[in-house]
Amino acid sequence: MKYIVMQDAFFVVLLLVLAVPLGIYMYKVMIGEKVFLSRVLEPVERFGYRLMGVSEVGMSAKRYAVSVLAFSAVGFVFVMAVLMLQGFLPLNPEGMKGLSFSLAFNTAASFVSNTNWQAYSGEAALSYFSQSIGLTVQNFVSAATGIAVLFAVIRGFIWKKQKTIGNFWQDLFRVTLYILLPLSLILALLLVSQGVVQSFADYSVVETLENGAKQLIPLGPAASQIAIKQLGTNGGGFFGANSAFPFENPSSFTNLIEMLAILLIPVALVVMFGRAVKDSKQGRAIMTAMMIVFVIGVVAITISEQFAGPHYQGVATSGSMEGKEVRFGVGGSSLFAASTTAASNGAVNAMHDSLTPLGGLVPMFFMQLGEVIFGGVGSGLYGMIGFIILTVFIAGLLVGRTPEYLGKKIEPYDMKMVCLLILVPPLLTLFGTAVAVMMPSVQASVSASGAHGFSEVLYAFTSMGNNNGSAFAGFAADTTFTNMVGAVMMLLARFIPLVAALYLAQNMAGKSSVAASSGTLSTKNGMFIGLLIGVVVLVGALSFLPALALGPIADFFTTFK
């Protein structure tokens, strides 16, 4: 246990050390300031603008949102076409056939929405072309879209009396060129150096030591996809077992760098936010709130898995190792589970369905908080900004003052947008789960009975409704109902809050700043951090406690029988 504590502490310190300079760098990218890569990348940037016919004229929220939706729609159609027609496309050495309509629809929606929910196993269903040209490209652009929208939201708070919030195409291109591509290249090379597969060769057939039986070894351009799947909080694995598979995550060292990659950009964006609003204490307050909840979650999962519960008393000395890789152990698996669900990533290095009831409760609850404990790249922070505004609004009601945040007054229109930001994911999750448990096809998809069976369904629709993508593996996801309903949920959960954030940004950008007074609520002290954590947890608890009581909480109490 002492080793696990030291490992987790080292991870947090290293994460912060890496995130601070990256956050400063991303701030310069956001405002268009020259960075050390400018000499190399500026000509590429200018050529790209000319090639796409992009002007640098600012956009209103409506035009920005239309650009995001149109771009995502084109990506959706392209990915769906690639998946259904992959049997006729190149780079298909294993002769993979096209996916069914419902599965292709679900997968396209999943990757366009930055969810990466997978109702298939990559090595058994997709060609190299589909993986690299279809899905990997979407991993880049969906992540870049989230960060671009965050840039627009931040401009809303730092600009005054403006009718625009930036240019989507410029933001998208700069994020991809200056942030995602360089980081992904570095990480991909690092992964390849550690033994992660990167090849376009045919699958290998080897003779095993047992009776000379033949075994097919899947290969593929995995490292390049894994790099952006982690950095972009996408999470979709090249192989079905995701980061539990040795070809994706071969050692404890690669496990460390993949966990760092999952949280690096979300944490760095908080640093960038503090820089952008010219008050680093604002960023530190948000970081502290996120980190407190994250650390509590890591501790809860680790204790639950290490001490396992009454069934294992006096039996297991190394904790519950069911569904875990020996090379990662309880500590590496618990930290990964917390990171991937706190950051809206969804990659897994252990089977979450095999976690203890309380160990599985924490990742589920992280998602149900709205993926704002770091959250997805871009989307996590603008979601947290929605909770900050809600906290300021509640505090203003308590003292009878007009609420303000960063010098901008909070008005009824702003609160309407905040409600869309905060309430759409839980509504989709609960409605989807309620409908699903009544469907015979979903009931047949559940491998467990009782409370754990309900937990499998709740986890699946929580994951899709909050754009995470991880799953309890006992849930068989490839059914027409789950594919179609899940796809609609993922698209709505992604784009309704996104559009609401843009309209919130424009309304804020049109306001002038008001001077802080002695009665202004400070949003950078310990009291506000406590209020913010309370509001985030309370909204999640009020929304999901009844469902959690029927699932993982009831599952926990069955272990005492």
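First residue shown is number 1, and so on along the chain.
Note that Cβ sites are derived from N, Cα and C of the backbone, with glycine treated the same way.
Residues or ranges marked as transmembrane segment in Swiss-Prot: 4-24, 65-85, 133-153, 177-197, 253-273, 285-305, 380-400, 417-437, 484-504, 528-548.
Listed by sequence, the residues of this chain that lie at least six past the ends of the transmembrane segment (177-197) yet keep a Cβ under 8 A from its Cβ atoms are 25-26, 29, 35, 37, 41, 44-45, 48, 140, 143-144, 147, 219-224, 226-228, 230-232, 246-251, 253-254, 257, 261, 264-265. By the Cβ criterion (distance under 8 Å, sequence gap of 6 or more), the transmembrane segment (65-85) is counted as touching the transmembrane segment (133-153), at least 3 such pairs being found. Taking residue pairs at least 6 apart in sequence, the transmembrane segment (285-305) and the transmembrane segment (484-504) share fewer than three C-beta contacts under 8 angstroms.
Distant neighbours of the transmembrane segment (253-273): 11, 14-16, 18-20, 22-24, 26-27, 30, 143, 147, 150, 154, 179, 183, 187, 190-191, 194-196, 226-227, 230-233, 243, 282-283, 286-287, 290, 327-328, 332, 335-336, 339-340, 342-343, 345, 347, 349, 374-378, 380-381; these residues of the same chain sit at least 6 beyond its ends, with a Cβ under 8 Å from one of its Cβ atoms. Sequence-distant residue pairs (6 or more apart) of the transmembrane segment (133-153) and the transmembrane segment (528-548) include fewer than 3 whose Cβ atoms are under 8 Å, leaving the two stretches without contact. Same-chain residues lying 6+ beyond the ends of the transmembrane segment (417-437) with a Cβ under 8 Å from its Cβ atoms: 368, 370-371, 382-383, 386-387, 389-390, 393, 443, 454, 457-458, 460-462, 464-467, 481-482, 485-486, 489, 492-493, 496-497, 500-501, 503-504, 507, 539-540, 543-544, 547. Sequence-distant contacts of the transmembrane segment (528-548) (same chain, six or more residues past either end, CB-CB distance under 8 Å): 285-286, 288-289, 292-293, 361, 364-365, 368-370, 372-373, 384, 387-388, 390-391, 394-395, 422, 426, 429-430, 433, 458, 521-522.
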